[in-house]
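Undergrad: Sending over a structure as structure tokens; questions will come in a sec.
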């Protein structure tokens, strides 16, 4: 039986959650508390904890760019989550598919992804 | 020009770094400080900061299970890194390819990956 309370949260009660789509692209990393983990599993809609707003953040609730949970995975130390998701539209608030659109190449930053929306 | 000091570190001076291999598998998540980011870029050998040992952790230095950096990517908020790596052997200390070998399915935890070494 999986118990969200059994995960290893940091001093703020949070655990990092990596969202990856089914093709293997890593889309973003955000944070969850135990209640966000529970809600994500119960609803199938990925729900983070917004550190800046100090509130639950149902991904895509205002933008429509929802993340449907395909599978939640836990790492060996139970201190990080990997979420396999079905992403509608861009995951990044900049309109790009992934938040990781900047690469470091030869000491310079290079944009490797254009906005899709 | 990319400057590791320009990243957004947490209160402990750390930034989460996700390691993904070239096939798309997410292998692990660990932490870096600015010096670890610099060393990783300079040496091409992924170097984390071990929070438990409070020291640099050149991945694979003792186990031989090294991570060769293919590309470092930065997210939109500059508060998370994605490392594309060439992984020798298992990334996980349990001998599994990835640390994310436990899935949550129908409320139960299921092991989805066996040790390779």
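Backbone N, Cα and C atoms are what each Cβ position is placed from, and that goes for glycine too.
Checked TrEMBL, it gives:
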- A:75, A:77, A:79: Mg(2+) binding site (BINDING)
- A:76, A:92, A:99: Zn(2+) binding site (BINDING)
- A:28-101: domain 'Phosphoribosyl-AMP cyclohydrolase' (DOMAIN)
Undergrad: Counting other Cβ atoms within 10 Å, pick out the least crowded of the binding-site residues A:76, A:92, A:99.
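TA: It is A:76 that, of the binding-site residues A:76, A:92, A:99, has the fewest other Cβ atoms within 10 Å.
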Undergrad: Rank the binding-site residues A:75, A:77, A:79 by the number of other Cβ atoms within 10 Å of each Cβ and report the first-ranked residue.
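TA: The residue with the most neighbouring Cβ atoms within 10 Å is A:75.
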Undergrad: Provide, as an integer number of angstrom, the distance between the C-alpha atoms of residue A:77 (Mg(2+) binding site) and residue A:99 (Zn(2+) binding site).
TA: 25
Undergrad: Whole-number Å distance between the CA of residue A:92 (Zn(2+) binding site) and the CA of residue A:79 (Mg(2+) binding site)?
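TA: One finds 24 Å between the Cα atoms of these residues.
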Undergrad: Express the distance between the Cα positions of residue A:75 (Mg(2+) binding site) and residue A:99 (Zn(2+) binding site) as a whole number of Å.
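TA: The separation of the Cα atoms works out to 22 Å.
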Undergrad: For the C-alpha pair, I'd like the distance in angstrom between residue A:99 (Zn(2+) binding site) and residue A:79 (Mg(2+) binding site), rounded off.
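TA: If we compare the Cα positions of residue A:99 (Zn(2+) binding site) and residue A:79 (Mg(2+) binding site), the gap is 22 Å.
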Undergrad: Can you work out the mean pLDDT of the predicted model over the domain 'Phosphoribosyl-AMP cyclohydrolase' (A:28-101)?
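TA: Across the domain 'Phosphoribosyl-AMP cyclohydrolase' (A:28-101), the average pLDDT comes out at 97.
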